[in-house]
Amino acid sequence: MSSIPTNKDAVPARVIVITSGKGGVGKTTTTANLGMSIARLGYKVTLIDADIGLRNLDLLLGLENRVLYTAMDVLQGECRLDQALIKDKRQKNLSLFSISKNQQKYNVTRKNMENFIQSISLLGYHFILIDCPAGIDVGFINAISPAEESLIITTPEVTAIRDADRVAGLLEANGIYNVKLLVNRVRPDMIQNNDMMSVRDVQEIVGIPLLGAIPEDNNVIISTNRGEPLVLKKKLTLSGIAFENAARRLIGKQDYFVDLDTPYTDKKGILKKVQNFFLGS
Ligand code: ADP
Ligand code: MG
């Protein structure tokens with residue numbers, strides 16, 4: 001792929017923090033699947049697990065046994081940065097960087113985070129995705145401080161939408177203006193029965209541009225349990241396609257949305273019916 005930048009030192013990585021406000025809406029799932037998709041498109045990606053108390057990005061990626069060193073160990077001089085960057089064996093463009101182990105004491109500062117990001121960028125990474133902790137306290141502020149872009153995840157539920165809206169305000173107050181929305185766990189059947197807000201309604205309430213929408217899909221849970229991101233499946237499910245689609249939009253390679261009303265058929269069948277589904281709903 002000739003359009004992929006190769007200049008290691010001069011091209012700074014795009015640093016994108018994945019936030020939500022409310023916990024459990026799909027930040028970690030999104031970080032893993034978007035990261036894997038972007039890496040498969042040929043870019044070097046580091047995923048940072050900044051969710052200290054509820055660290056689980058390593059599990060979703062199936063890398064839990066390989067996290068020997070974390071940012072805390074780098075800071076304490078126990079290892080070099082590259083030793084704490086765990087390379088995915090299935091996709092060599094993808095690395096995982098954990099801030100701390102669950103039982104480790106956490107005292108990473110904003111400055112530390114910024115230095116880590118700069119050093120990772122200098123190693124030639126094109127994208128750094130930061131999986132943000134839930135809530136809006138010190139862990140959140142540390143996670144967002146090195147980012148220039150953000151992706152807000154919400155589900156079509158009022159509690160999650162309210163928190164997403166709050167986080168959008170906080171991001172702006174912290175100088176992050178490039179913000180996009182991803183609506184997760186969408187159920188077209190419920191939308192049709194007026195039991196769930198449409199993606200368009202959600203987007204209008206939060207008032208930021210839409211990156212994509214991901215359907216509710218049991219395969220997400222299965223893939224979490226297997227430590228294998230959905231987008232690695234040979235036969236992609238609709239949620240896998242929707243994540244791939246969002247990844248392409250994030251790198252500026254695609255401009256349409258997947259139709260979540262399409263039955264779960266093969267990828268070709270779904271893509272044939274691609275249209276801006278939420279405009280019609
Ligand atoms: P967060 O990082 O925001 O706390 P997670 O990514 O850990 O959220 O997701 C929370 C739970 O929701 C997990 O059990 C995950 O498998 C499930 N989940 C996330 N997205 C979907 C989806 N699109 N369909 C079904 N389950 C999902
Ligand atoms: Mg999480």
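Cβ coordinates are placed from backbone N, Cα and C, and glycine is handled just like the others.
Unlike curated records, TrEMBL annotations are generated automatically.
Small disclaimer: the values here were computed from a predicted structure and weren't measured.
Residues or ranges marked as ATP binding site in TrEMBL: Lys22, Gly23, Gly24, Val25, Gly26, Lys27, Thr28, Thr29. When secondary structure is read from DSSP and collapsed to three states, Thr28 (ATP binding site) falls in the helix class.
Residues annotated as domain 'CobQ/CobB/MinD/ParA nucleotide binding' in TrEMBL: 16-230.
Of all the binding-site residues listed (Lys22, Lys27), Lys27 sits in the most crowded Cβ setting, with the most other Cβ atoms within 10 Å. Least crowded of the binding-site residues (Gly23, Gly24, Gly26), judged by neighbouring Cβ atoms within 10 Å of its own Cβ: Gly24. Those residues of the chain, other than Lys22, Gly23, Gly24, Val25, Gly26, Lys27, Thr28, Thr29, with a C-beta within 8 angstroms of the mean position of the ATP site C-beta atoms are Ser20, Thr30, Ala134, Ile153, Asn184. The Cβ of Thr28 (ATP binding site) has 26 other Cβ atoms within 10 Å, all protein chains considered.
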